Amino acid sequence: MNPSDLKALPSPRFWRRVFCNLYEQLILLGVLAFTFLVPNLIIGIVFGIAIPSWLTFFYLYGVLALYFTWYWRRNGQTLAMQTWRIQLITADGYRPEKKQAFWRYVYGSLWLLPCLAVHAAFPLRGWQIISLLFVVALFLWPLSIYIDRKHRQGLPDRMAGTKLIELPRYPKKEQVPTKA
């Protein structure tokens, strides 16, 4: 599809975004397990030290930044977005550049701020923090598409100059008969 065709495609609806986010979180469990647990276990076992939580946060933030910006730059879709036929494009209909993809990631992680405010007001522990992050990322942040009801453009997209589009469902190709 050319850029003008992509620009004309509709933005994904709320529930498609929610299910894509849920699937993305499941995929990220594997990414984080590989990039976080393995190195931390090795460092803990070999050297007998634990990495400070603030350093762990920035490390994971960087790992996720690499994951998202690499996929968005490569083809405009993460693995979950490919499954749910959602693509990230620029306002002109092209794939985002590295800088634009990075800033969309930064703006897309602003949902952490309300979580930090809730945590500061009501000190949470363990699974309460994870539950809060899960609910805000999965349900509350996608509600930002209702700020611009006409275009259903989320806050990170508005700020980064990008747009999420819902790709059309293509009919299945006819199977080519095999020789007997």
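Placed from the backbone N, Cα and C atoms, the Cβ positions cover glycine too.
Those TrEMBL annotations? Automatic predictions, nothing curated.
Taken from TrEMBL, the feature domain 'RDD' covers 12-161. Feature annotation from TrEMBL assigns transmembrane segment to 26-47, 53-72, 102-122, 128-147.
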For the transmembrane segment (53-72), distant same-chain residues with Cβ under 8 A (at least six beyond the ends): 28, 31-32, 35-36, 40, 78-79, 81, 88, 95-96, 98, 101-102, 104-106, 108-109
Outside the transmembrane segment (102-122), six or more residues from its ends: residues with CB under 8 Å to it: 61, 64-65, 68-69, 72, 88, 96, 129, 132-133, 136-137, 140-141, 155-157, 159-160, 162
Helix-strand-coil residue split for the domain 'RDD' (12-161), DSSP-based: 111 helix, 5 strand, 34 coil
